[in-house]
Amino acid sequence: MYRWLTKVLGTILRLCERPAPGARALLKRRRSSSSLFSTAVDTDEIPAKRPRLDCFIHQVKNSLYNAASLFGFPFQLTTKPMVSSACNGTRNVAPSGEVFSNSPSCELTTSGSCSSMLKLGNKSPNGISDYPKIRVTVARDQPRRVLPSFGFTLKSEGYNRRPSGRRHSKSNPESSLPWKPQEQGVTEMISEEGGKGARRPHCTVEEGVQKDEREKYLKLLERLKEGAHGSTFPPAVSHHSSQRTQMDTLKTKGWMEEQNHGVRTTHLVPKQYRVVETRGPLCSVRSEKRYSKGKADTEKVVGLRFEKDGTRGHQLEPDLSEEVSARLRLGSGSNGLLRRKISVLEAKEKNFPSKEKDRRTEDLFELTEDMEKEISNALGHGPPDEILSSAFKLRITRGDIQTLKNYHWLNDEVINFYMNLLVERSKKQGYPALHALSTFFYPKLKSGGYQAVKRWTKGVNLFDQELVLVPIHRKVHWSLVVMDLRKKCLKYLDSMGQKGHRICEILLQYLQDESKTKRNTDLNLLEWTHYSMKPHEIPQQLNGSDCGMFTCKYADYISRDKPITFTQHQMPLFRKKMVWEILHQQLL
């Protein structure tokens, strides 16, 4: 001990006796603690301290460490190590307040997206220090994301926003929920046509997507409804003069996807309800097949129940509610309940007349290879402004067609074009006289009153028609109103089970004004009724992206005076059929 003290004092005296140098190197300026992990590069290159003083400091520290080790005292280094950042390559100096213990490794956590590693070996840059190795890992967490709403969400996001600059659904009110950080990346091979060579890894993001998507979408609609009643909730849609797009809402920024030559790189981030850009949630074709395969048999049978309900009124309402609940719980282990219900329904199906079975076979349509190839080309890569079909004073671009991809939201152009195809078909014998109003009709009527849409029916007498279809768009959701002039009633059909009494009242008042203008007579409003279809009376969507498809298929079945018997699992086929129908301007 005394020898050690003598050695230290001797070193100090020798240094004090030496003359001070004429010019000393400038010291590096200290950085504040706030800039410890700054990505900015310090451009001031200042020479380091002179080696002699640096040598002395390290000798003192080394001596103190040896003394502490001799007496068994814990020793802490209060040095200012140089930290090399892995994300930007700059050197950052830790503040003097940072304390690093002599444990084998230490971990510091800060906010950000990169990691910094600090390794102090037995030798310092000057070759003197031999204190233990210290490893400091600075892991920066993923930043919390706030997304735009379908987010889905999907996705996210947000969901690759709508091509060709149509009316967009911008943000999801649920986007304020934080993301859970997850550091995992998966490169996945996907076949556009459902090839066999690829296997999907087990992804946390996709667990329960189909299970929760409908509930999340319903919450979004409730939030939007509250905003419509006078709250300060910001509008989720920006309007364009030509069309409206909805994909932004369910896609997530964290769900980045590339579909080049069948390869998709997905950064797995837990899919919370943030309507994200929600590039929101786009699932692959294989995911869709896996989802639909598990539900196909059940939904076919449920379709029978929907169909049977049309002939028996409200008798089956309790059973149907249970069946819909069972479908929504499909991913949560209710297989036993479903098997029991399926067996009961299959037994009842045997009693259906052959006419009912023939009606169901209408939906079992298979596309030929040539049709599949043509559809794939239309949905494939190409200029988004390329016009693929033109009719009814409407032009359908490749960007519009691509809204018919699975889990994408339909825009105005596609829906208006399809409604015109239904009107053209109704001119054939055996179909009811039909007229379809534009998707922009109701927003214009609601904002400007009858005078704003007075000329929209120029040359058309609505009262000569049997059915009038009115597609309704409310921020991020599509629904349909059917005016049945034969029965003097208005029906509101919503794939999310919402009610539309106020919408029907506005349209009924429009009919009153139209009758005064075109026929100079008043309607007897006491003879007219309006009704919102209940969830057990019409098929309901099980995700957050098919509301536009359900609206089109409601119109298709009603325009043929057919019971609505389709189900959710048929949507992928219906999307492909609609692509072909728009390209060839005729319905299959």
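Note that Cβ sites are derived from N, Cα and C of the backbone, with glycine treated the same way.
As the structure is a computational prediction, the values presented were derived from the model and not from experiment.
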- Candidate ranges 108-123, 316-331, 556-571 [criterion: Swiss-Prot lists as motif 'Nuclear export signal']: 316-331
- Message: Labelled motif 'Nuclear localization signal' by Swiss-Prot, one stretch among 47-52, 239-244, 443-448, 539-544. Can you tell me which?
- Response: 47-52
- Query: For ASP494 (active site), what is the secondary structure state per DSSP, taken as helix, strand or coil?
  - Reply: coil
- Task: Can you grab the distance from ASP494 (active site) over to CYS547 (active site, nucleophile)? Cα atoms, rounded to a whole Å.
- Result: 8
- Between CYS547 (active site, nucleophile) and HIS477 (active site), find the distance joining the two CA atoms and give it rounded to the nearest Å. 6
- Task: Could you list the residues of the same chain, at least six apart in sequence, whose Cβ is under 8 A from the Cβ of HIS477 (active site)?
- Result: LEU221, LEU224, ASP494, MET496, GLN498, CYS547
